[in-house]
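According to Swiss-Prot:
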| type | residues | note |
| --- | --- | --- |
| ACT_SITE | ASP53 | active site, nucleophile |
| BINDING | TYR111 | substrate binding site |
Amino acid sequence: MTRYKAIISYDGSGFYGYQIQPNARTVQAEIEKALKKMHKGKNVRITASGRTDTGVHAKGQVIHFDSDLDITADKFQKALQVMTPFDISFLTVDEAPADFHARFGTVGKEYRYIVKRTKIFDPFSRNFALHYPYELDIAKMKLASECLIGEHDFTSFCSARTERDSKVRTLYSIDFYEEDEETLVIAFQGNGFLYNMVRILTGTLLDAGQGRISSEDITEALLARDRQKLISKTAPPQGLYLWRVDYE
């Protein structure tokens with residue numbers, strides 16, 4: 001039995017998230033369906049670095065699975081590329097150590113959120129970015145982001161449905177890239193992220209850019225450890241991308 005590590009990308013628009021759900025199209029279900037065909041009806045379970053929600057995309061999701069097929073990793077990659085749907089891509093497949101674990105072995109992740117600042121709505125980007133036709137002060141957004149960097153209890157910045165006992169996470173950086181006059185990319189790097197955390201942080205920073213909230217408001221929300229203390233809305237899923245997963 002050989003363990004394989006794969007880096008995959010997917011367009012989340014047509015999926016009800018990553019994780020298998022009854023009577024729903026998911027990324028995990030489509031990949032396991034392909035692996036089952038390759039293994040002549042035998043179920044092969046895959047494990048990912050983490051789940052993504054409905055409509056959320058991935059540029060560098062990492063999964064692992066075990067197989068007893070006598071084929072090379074390169075052939076695995078080519079076969080899975082053909083056998084999975086057009087909205088999933090296998091970027092790499094490599095043999096991995098037997099103790100490699102896509103979820104528990106992570107030391108950091110990067111998420112990016114894409115904001116389109118066009119005055120007129122672009123229907124061709126509706127599934128891949130947030131349309132935000134309002135003025136933004138990027139300097140205020142950067143200032144607001146500074147109080148979020150470091151180790152904090154992010155209870156105020158995650159969904160009440162978060163299942164984790166500890167809400168303490170470390171944000172290494174929040175960077176802002178203006179790719180052009182119309183496109184703003186917000187990149188979040190940290191040791192881990194809670195349910196809806198990046199989308200709530202994005203909504204908060206957009207409010208800061210509009211002057212609706214200040215750095216002091218964000219600091220107070222952090223200390224309150226109560227989602228109800230934060231007035232910012234959760235940014236919609238279509239602008240969010242799991243960009244990269246890091247391992248030791």
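Cβ atoms here come from the backbone N, Cα and C positions, even for glycine.
The most densely surrounded of the recorded positions ASP53, TYR111, judged by C-beta neighbours within 10 angstroms, is TYR111. On a Cα basis, ASP53 (active site, nucleophile) lies 13 Å away from TYR111 (substrate binding site).
Mapped onto three states, the DSSP output places TYR111 (substrate binding site) in strand. In the three-state DSSP classification, ASP53 (active site, nucleophile) falls within coil.
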